[in-house]
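Participant: Attaching a single structure in structure tokens format; questions to follow.
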């Protein structure tokens, strides 16, 4: 028996040795292998932590698509040469943290883009900050993300900015006084969106008739909607991801609820129209991304994205696309792939003109930009006025 | 509103009942909880979506396709995950449970790769037909679901009770060896059971797709866990129990939304089974369990 | 010298591996009386939330929080264990599965306490806490030639390794004691065990509570390593993942779950390109293992073979439990 035990200790010791020796070569902290090359190009490795497998894989795929496209264009231009290293987090904090550790310590990336979910960022952000690696969230919209530390940024428009913008416009137009709320209570994204909605509604002095919840994997929202219908609200505030949100709208319209819906960030996707069809008319969302904008940059992106992947880009793709451009810009300005210098350059990003519009970071690394409020009319997103 | 909610509850309950019938059939004959049933149900729904929206085929083709494919899946499940465990020395009674958990994980993740993670709408003009009774809108699909669940329950009861195949099934359920000695082809009977149960899952999948216009890879898990709770509630292996349990759960979930907190909706099923197992372990309609 | 060799990424993987080993052991303990508990993800959650809330709101030391977390989980284990003991095999498995789900739903809905699905962030980090305590004594990682985050992860890893070794040692001792023999007898044949005068209620609850205690402990450690927890961490998938460690490694001897957790945590890291298919592979592993080797990779016979000792009597798996170790 003692022999067995010794064996285990031996095995553990041996395997830890294996780990250690495997990483012996490259433990310099500041991206030693990616310094400026002789031809004036700055070469840099950028790590991406993304939700590539599992229930949120649709977001991960969009983000990956946006980043790949941006990378090709940036490398073609030739000021900087970026190399993307993708790691999957499967939407789980521990896996996101492990993936980030790998990128930070083994791959020695200059900066990280991702992770996809705010929950993951809550875990990865402090670690990246501690290790001094700039990290940009492209889809993390919850409160307090850039406040994690100096190295944490995001270019995704926070719910706290987007939801009040769309609510104000919708309430003004429809003269709404009574609202009903519905949200997914077991998802951090929809829950924090709901918190913002509720706070905004209270601030605006709206009467909240009822608050209903739903859970992941549910496909029957009839009970909640029937209840909401009986209160006859002027407006429904729905904090849902588009997958569920589209189905909610579909079932609501079938039931005869025809009031407009105001959705959060996660509700904003062309997929809503695909899933819900005509039923999606009347959805109001604030978005940093509007694919119909008559801006050659935007149209160029939409065209290229569609050629490459066969579908229209959503905000996840667009935000990821812009994030890499912002990062490339910062790396170019920093002049070398040094983590601290890139961070400083990132923090100075101001009036960056991307496909999302005019973009700056505030002193905390949060977003300064004006969202566009959109509404679905006749199966198309149009600017809401 | 009450009537509308009743209709909602009964529709949901009927779907639960059809899912639970699949569980109960397998449990009744094999004494096995088929944790993969929810995923087979989900595959049925996806096959329906693929056939109606991608191939633009009529609805009955979708039903036929889903039944065929889920039946094949049922056969594979029996052949590769259950049969190897039978008559094996030293296999604990938990082995089939664990093995079907394996199948469910495999299928859930396979569906992510095959169909993508997103939600697929179910476009069938049939699903749009509705009547207006006063201020209440009733969809034909809702009625169809209820009727199909009743028909399935009655057919199953009749088939088990009155036909030769059904008797063979019950004999197999009673005692595998004795049934085999009496000339029942137990291997065939068991395979048939799993196939029929899976095909019923496929039917339920399409019905859900039509009723709620929503098909996702995650629906299998949530529906599977509910079905599991229902057969414990109604009594393991009881056809009537599955039906009653399904309706009770459907109504309970609807009415907690009406009068209570919708946040606890998912917990009802499990609170119910915890309570029922403590008070009446054989379930509402079950025979006394002999341990 | 050594400083250059210590990579937080590998320590991180190793730490999660140790936590998974502890979780695997928690299922193994309950299984050693023939009961399958799928509630261990729930117990893990109870441990994690208890410790996180105590250390945040009452500013208790992490050690106290972790111990409290494990104890609260154990108490819940006793509370759920006593009434469910009448249930056998699959019924127990389903009830424990249901219990785990109910716990998750409570975490989601009890917002004033748990912050709902948004989760609890800012949980004291055990490694950073150790560092700051040591710094209070005038210690600095650079004395060892280490950077701060290297030291942090090294200390977490060392701590977990010691605890894991202790847990393995304890349960191996228990296995060859009176308690362990009673467990094995109950697993083999409950009625026979009862007629031999073994108090099966006592031992079954004991096994259940021990499993809950260990799972709760692992959960509390998890909370203080990630510094953030949310209800989704303790859902059905976690329960199944823990089960896979045991099914794959083996449920007869403690080395089974240890190996299972070790291998299955390492595999996706080493072969990251397969991580996309990880869960499909998990599913296949379960099916194949159940069909080919239901006792798991490592069983009593294999251990005996390892020891290269001749085994008296040709006992099969299961029957070998009492003498196996």
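Every residue, even glycine, has its Cβ placed from backbone N, Cα and C.
Quick caveat, the model's predicted, so the values are computed rather than measured.
Heads up, here are the entries from TrEMBL:
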- C:12-31: transmembrane segment (TRANSMEM)
- C:38-56: transmembrane segment (TRANSMEM)
- C:62-82: transmembrane segment (TRANSMEM)
- C:89-107: transmembrane segment (TRANSMEM)
- C:151-171: transmembrane segment (TRANSMEM)
- C:205-230: transmembrane segment (TRANSMEM)
- C:242-267: transmembrane segment (TRANSMEM)
- C:279-298: transmembrane segment (TRANSMEM)
Participant: With contact taken as 3 or more Cβ pairs under 8 angstroms (pairs 6 or more apart in sequence), are the transmembrane segment (C:62-82) and the transmembrane segment (C:12-31) in contact?
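Facilitator: Answer no, regions not in contact.
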Participant: Who are the chain neighbours of the transmembrane segment (C:242-267) in space, where the CB to CB distance is under 8 Å and they lie at least 6 residues beyond its ends?
Facilitator: 13, 16-17, 20-21, 23-28, 31-32, 36, 38, 40-41, 168, 171-172, 175, 215, 274, 278, 282, 285-286, 289-290, 295-300, 303, 317-318, 320-321, 324-325
Participant: Under 8 angstroms for C-beta pairs, at least 3 of them, ignoring pairs fewer than 6 apart in sequence. Is the transmembrane segment (C:151-171) in contact with the transmembrane segment (C:89-107) by that rule?
Facilitator: no
Participant: Residues of the same chain, at least six outside the transmembrane segment (C:89-107), with any C-beta under 8 angstroms of its C-beta?
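Facilitator: Same-chain contacts beyond the flanks: 34-42, 45-46, 49, 80, 114, 116, 231, 234-236, 239.
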Participant: For the transmembrane segment (C:38-56), could you work out the same-chain residues 6 or more beyond its ends whose Cβ comes under 8 Å from its Cβ atoms?
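Facilitator: Residues packing against the transmembrane segment (C:38-56) from afar: 23, 26-27, 30, 62, 64-66, 68-70, 72-73, 76-77, 80, 93-94, 96-97, 99-104, 107, 113-114, 120, 122-124, 211-212, 215-220, 222-224, 229, 231, 233-236, 238-240, 242-243.
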